[in-house]
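Student: This is the structure I have questions about; it appears just below.
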Amino acid sequence: MKRLYLTRHGETLFNQLHRIQGASDSPLTEKGIAQAKAARGLIAGVEFDHYYTSTQERAVDTLEIMTEYQKDYRRLKGLKEFDFGVFEGQSEQLNPKVDPTTGYGDFFVQYGGESSHGVGQRMNETLLQIMQQPDHQQVLAVSHGGAIYNFARIWLDTQKELGHGFRNLSTIVMDFDPTKEQFFFVRLLTLAEVGFG
């Protein structure tokens, strides 16, 4: 059985300002940088053979800080955040209510964005391609809250295992069976486990 550690990036300026941030990007805050440093404790002792990140700056910076700029990694567009179309950069108060089973559904498609299902499928295809590679036994990938949540919805009961939302630097640990091409939820790691409030 292979293992995937799937981590959300650290807090960004848009997170702090409660702005919708998907395809748009903003830098990590000082807190986000501190979160990424603290997250080193979540992966201490884990021997990763491969590292991946979304192409977005906030995810790249998070991975580089977590690994102390010592590891080679690949950036993949398939790990990018949900595209919210014209809602990008707007107040989070404009977000529609999230349905526990379908997320935002197709709401953002009419505004030039993606559907929840489409984001989940994109993430799933990307992570399957990563984990199916023979030399990939233990992988760390940094992505985004919405993208991770929509991927997780395919494989686990997100309400039970993750609650509502997915905090910065939270990490889903999943086993992967390459013969069945299936992910299995192991546990959720949070910064609280390393004493970061």
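Positions of Cβ are set from backbone N, Cα and C atoms, glycine also.
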Student: Same substrate site as Arg8, His9, Gly10, Glu11, Thr12, Leu13, Phe14, Asn15 according to TrEMBL: which of Arg40, Arg58?
Tutor: Arg58
Student: Ten-angstrom check, please: count other Cβ atoms within 10 Å of the Cβ of Thr12 (substrate binding site), all chains counted.
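Tutor: Thr12 (substrate binding site) is surrounded by 24 other Cβ atoms within 10 Å.
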Student: Per the record, substrate is bound by Arg8, His9, Gly10, Glu11, Thr12, Leu13, Phe14, Asn15, Arg58: how many Å separate the farthest pair of Cα atoms?
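Tutor: The two farthest binding residues have Cα atoms 15 Å apart.
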